[in-house]
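Asker: Annotations for this protein, taken from Swiss-Prot, read as follows:
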- 7-57: disulfide bond (DISULFID)
- 16-40: disulfide bond (DISULFID)
- 32-53: disulfide bond (DISULFID)
- 7-57: domain 'BPTI/Kunitz inhibitor' (DOMAIN)
C-alpha cells in the first residue's frame, strides 16, 4: 500500500526531556524500531505500539 510520507522521516525526540519508549518506521530496514521520545514536538513517525506502526507504515 502507499505509505504516508511521514513514514520516511527520521525519528525525532523533540525538545522536551521525557524518556518515552516509542516506535518509529525505519525505511532502510523496512522495520518498526524503538526510539525514545521527549514528550513534545517531534514528527508524525512516532507510534505507541509496533502494531500501530505496521498498520500505518507497513514493515515488519
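Just so it is clear, glycine is given a Cβ too, placed from its N, Cα and C backbone atoms.
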Asker: Could you give me the DSSP helix, strand and coil counts for the domain 'BPTI/Kunitz inhibitor' (7-57)?
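Answerer: Going by DSSP assignments, the domain 'BPTI/Kunitz inhibitor' (7-57) contains 10 helix, 15 strand, 26 coil.
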Asker: Could you tally the C-beta atoms, other than its own, that fall within 10 angstroms of the C-beta of residue 32 (disulfide bond)?
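Answerer: Looking across every protein chain shown, the total is 24.
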Asker: Out of 16, 40, 53, give those disulfide-bonded residues positioned within 10 angstroms of residue 7 (disulfide bond), comparing C-alpha atoms, in sequence order.
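Answerer: So the list reads 53.
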Asker: Taking only the disulfide-bonded residues 16, 32, 40, which one has a CA atom nearest to the CA atom of residue 57 (disulfide bond)?
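Answerer: The answer is 32.
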Asker: I need the CA-to-CA distance for residue 53 (disulfide bond) versus residue 40 (disulfide bond), whole Å please.
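Answerer: The separation of the Cα atoms works out to 19 Å.
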Asker: Would you find the one among the disulfide-bonded residues 7, 16, 40, 57 whose Cβ has the most company, meaning other Cβ atoms within 10 Å?
Answerer: 57
Asker: Return only the integer: C-alpha distance in Å from residue 40 (disulfide bond) to residue 32 (disulfide bond).
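Answerer: Residue 40 (disulfide bond) to residue 32 (disulfide bond), Cα-Cα distance: 20 Å.
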Asker: Taking the Cβ of residue 53 (disulfide bond) as the centre, how many other Cβ atoms fall within a 10 Å radius?
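Answerer: Taking every protein chain into account, the count is 23.
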Asker: Please report how many Å separate the Cα atom of residue 16 (disulfide bond) from that of residue 32 (disulfide bond), as a whole number.
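Answerer: Residue 32 (disulfide bond) has its Cα 23 Å from the Cα of residue 16 (disulfide bond).
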